[in-house]
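Taken from Swiss-Prot as is:
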BINDING   Gly34, His35, Asn36, Gly37, Ala38, Gly39, Lys40, Thr41  ATP binding site
DOMAIN    2-215  domain 'ABC transporter'
Amino acid sequence: MLSVEELSCVRDERVLFDNLSFTISSGELIQIEGHNGAGKTTLLRIIAGLGRADSGQVCWKSEGIESAREDYYQDLLFLGHQTGVKRELTAYENLAFFQAMHNESIDQDMSGKPPVLGDESLWQALAQVGLAGREDVLAGQLSAGQQRRVALARLWISNHKLWILDEPLTAIDKQGVKVLESLFLSHVERGGIVLLTTHQDMFADSNHLRKIKLGQ
């Protein structure tokens, strides 16, 4: 489904990874590991099509993402360090905007069934990330951690097959981590893919998670 083929990347005359190859199938949850500066964020950005490698390629459904860009981005949801939250909109309006922007790509979920979206689903998504009662607050008046929660709420209304998440658990409490773990498992059980970085321990049962380590 997603393959990284002989990917090499050099930044500031330092090799981050060289001839890196791996394949991710539907229904997999993958954590990219490595020390600070190992290239985790760089790798995720390259896979998301937001950065360039020095050599190698990333393929989606056996086709390079540059040539399959339109189909790839219909399947991809990327959450990076920048939340992409619009400060002039409320938390609720941010989710409504996201839903409207991606309406064509969420007409059906991965099982072919119409998704249950709309007003109620947006309120529920914000409640899931601990923002109940803050739905009508302008995002610019929320803390950085709360803005990140608004961004994470998109996951509850997304039917994108591939989720690429850079440190999604930052500033999330233990209960919030458990909620996200449950969501990740639900997504992969439906045939989705989750590719993430995190400094937090996840899943007592390691069978749920495959790790790829950089900087070895």
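Backbone N, Cα and C atoms are what each Cβ position is placed from, and that goes for glycine too.
For the binding-site residues Gly37, Gly39, the ranking by surrounding Cβ atoms (within 10 Å, all protein chains) places Gly39 first. Using a 10 Å Cβ-Cβ cutoff, Asn36 (ATP binding site) registers 7 neighbours.
Cβ neighbour counts within 10 Å, taken over all protein chains shown, single out Lys40 as the most crowded of the binding-site residues His35, Lys40.
Cβ proximity to the ATP site centre (mean Cβ of Gly34, His35, Asn36, Gly37, Ala38, Gly39, Lys40, Thr41, cutoff 8 Å) flags the following additional same-chain residues: Leu16, Thr42, Leu214, Gly215. Taken together, the residues in the domain 'ABC transporter' (2-215) have a mean pLDDT of 88 on the 0 to 100 scale. Taking a C-beta cut-off of under 8 angstroms and a sequence separation of 6 or more, Gly34 (ATP binding site) has the following same-chain neighbours: Lys40, Lys213, Leu214, Gly215.
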